[in-house]
Amino acid sequence: AAHGARKMEDYGRFLALLASALLVGFVSVILSFVWVFHYRGGLSWDGSSGEFNWHPVLIITGFVFIQGIAIIVYRLPWTWKCSKLLMKFIHAGLNTIAMILVIVSLVAAFDFHNAQNIPNMYSLHSWIGLVAVIFYCLQLFSGFAVFLLPFAPVRLRAALMPIHVYSGLTIFATVIATCLMGATEKLLFSLTNPSYSESPPEATFVNCLGLLLVIFGSLILWMVSRPHWKRPPEENAKILRPIGAIPEGTEAESSMTNSSNADKSDLRSNAEAVRIQNIKFDEAGQRSTM
């Protein structure tokens with residue numbers, strides 16, 4: 001932790017935001033269970049409303065909370081001593097767990113609709129939600145293929161990294177918005193006497209849950225968007241030298257006593273340019289945010 005703290009700017013602020021995000025996310029998960037058990041009749045798997053209740057619980061737990069942790073896992077300074085390959089496995093593993101929970105939640109929702117003869121995929125919530133799930137699966141599979149497996153060229157990783165980061169954050173923000181739409185839709189359908197417009201206790205409770213989801217998403221996006229909180233490049237990263245460049249201090253270099261200062265300056269400039277580019281490639285190949 002101390003090693004990471006020395007390298008990270010505003011270390012105390014990062015810890016405060018991290019603790020706040022984890023607290024808000026954990027409370028959101030707990031409140032989702034309180035909602036379904038206190039107001040919606042609990043959980044079951046028999047085609048009743050209890051089966052549908054798995055949908056909001058698993059979405060908030062997996063698609064919001066676990067995905068949010070997966071996004072910021074590279075920012076944790078006490079993991080900067082760990083290999084980037086290990087962190088990539090943790091990042092991919094968390095996203096895989098989230099995807100499994102999301103798929104189970106979709107099965108629960110469709111099974112409930114079919115058992116109750118309720119049409120599927122007619123609301124805007126369901127359209128955007130399904131699109132988010134499809135792109136999330138594509139994001140996960142492409143992340144495995146490009147950034148985790150050792151087959152993709154480094155230049156391809158560098159080219160795809162900005163797209164990978166942008167799409168991951170867009171999916172996360174879309175998931176938050178879809179959760180708010182789904183919660184509102186559920187309240188409109190379920191609250192009849194009194195109605196949602198009369199602000200019964202359940203409506204107020206779920207509205208507060210929605211606010212927590214927005215706060216959690218905002219904290220995650222803020223932390224991941226700060227450039228000075230990114231994981232630094234590996235200190236022992238292998239720096240490739242341009243063809244013809246000779247390491248300093250070698251016998252070959254000492255024999256080049258007749259070389260001009262301009263030639264040496266060019267070699268150093270080329271070596272520095274390659275060093276900077278390889279650091280970028282190292283970051284692209286090792287640090288991903290799904």
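Glycine is treated like the rest: Cβ placed from N, Cα and C.
Marked as compositional bias 'Polar residues' by TrEMBL: 252-262.
Feature annotation from TrEMBL assigns domain 'Cytochrome b561' to 20-225. If you average pLDDT over the domain 'Cytochrome b561' (20-225) in this model, you get 96.
Here TrEMBL flags 250-269 as region 'Disordered'.
Per TrEMBL, transmembrane segment is recorded for 14-37 (among others).
For the transmembrane segment (57-77), the residues of the chain that approach it from at least six positions outside its boundaries are 1, 3-5, 7-8, 11, 14, 18, 21-22, 25-26, 28-29, 32-33, 36, 43, 87, 90-91, 94-95, 97-102, 104-105, 108, 132, 136, 168-169, 172, 175-176, 179, 182, 213, 216-217, 220, 223-224, 229-231, 287-290, judged by C-beta separation under 8 angstroms. Annotated transmembrane segment per TrEMBL: 57-77 (among others), in sequence order.
Taken from TrEMBL, the feature transmembrane segment applies to 89-110 (among others).
The feature transmembrane segment is assigned by TrEMBL to 130-151 (among others).
Here TrEMBL flags 163-183 (among others) as transmembrane segment.
Marked as transmembrane segment by TrEMBL: 203-224 (among others). Taking Cβ pairs closer than 8 Å, the transmembrane segment (203-224) reaches residues 14, 17-18, 20-21, 24-25, 27-28, 31-32, 34-35, 39, 60, 64-65, 68, 71-72, 75, 169, 172-173, 176, 179-180, 183-184, 186-187, 191, 196, 289 in its own chain, all 6 or more past its ends.
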